[in-house]
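Participant: Have a look at this one before I ask anything.
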């Protein structure tokens, strides 16, 4: 394991812990998209089914179990323990428009047409867009708590480090996974504007104008690998909002 993979894993874990601690300490899940957290739980569940069939290392198994456990713990806190604080009125991104196309793509583009491989591929594609409900929620409310911006920052850092990890593995191990790389690029792109604002202007930049500008900007992109072109902002809002 190279240093970029390790620091990427730790950044991912830091993001999850930051979110859990935020919810537990404040006794509130305000500003957190439950839909994004359900998607992440689905990502980890479908990706780590190999826990039932193979053992790679203690580190690998431990991290997988932690990711799955934390994902479902977060969903539980949002939809059960602190349900009264959940802002469902603003968490309106229609996730079926992510899950269904991603599921279809996983059937069409995969390394091997087997149940576990298709589910793994599905998880890779879904993770690349699972944060969209959270970003969309921020664009609707016009605000993001400091702790939420830290959570998003570490998620973006995790993905960026994993891209470097793939490059490292290609040059030094001869390993190349086009599906993981393309999905990683898409996910990293979704964080780019936020990343820049977080680093250069600090927490105060996560205000209404910057967040809305960030969210609307991705409407003009063609999402690499998925072959889906976004529609203009006004059409997208009609398409996504209930």
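Here the Cβ of each residue, glycine as well, is placed from N, Cα and C on the backbone.
TrEMBL annotations: computationally assigned, not manually curated.
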Participant: Looking at the ranges 98-118, 119-139, which is given as transmembrane segment in TrEMBL?
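Facilitator: Based on what TrEMBL states, transmembrane segment spans 119-139.
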Participant: Name the residue range among 41-62, 151-172 that TrEMBL annotates as transmembrane segment.
Facilitator: 151-172
Participant: To which of the residue ranges 2-23, 178-199 does TrEMBL assign the term transmembrane segment?
Facilitator: 178-199
Participant: Which residues, given as numbers and ranges, are at least 6 beyond the ends of the transmembrane segment (119-139) yet have a Cβ under 8 Å from it?
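Facilitator: Distant Cβ neighbours of the transmembrane segment (119-139) are 31-33, 35-36, 39-40, 42-44, 46-47, 49-50, 87, 90-93, 95, 98-99, 102-103, 105-106, 109-111, 148, 152, 155, 179-180, 183-184, 186-187, 190-191, 194, 206, 211-212, 214-216, 223, 226, 240.
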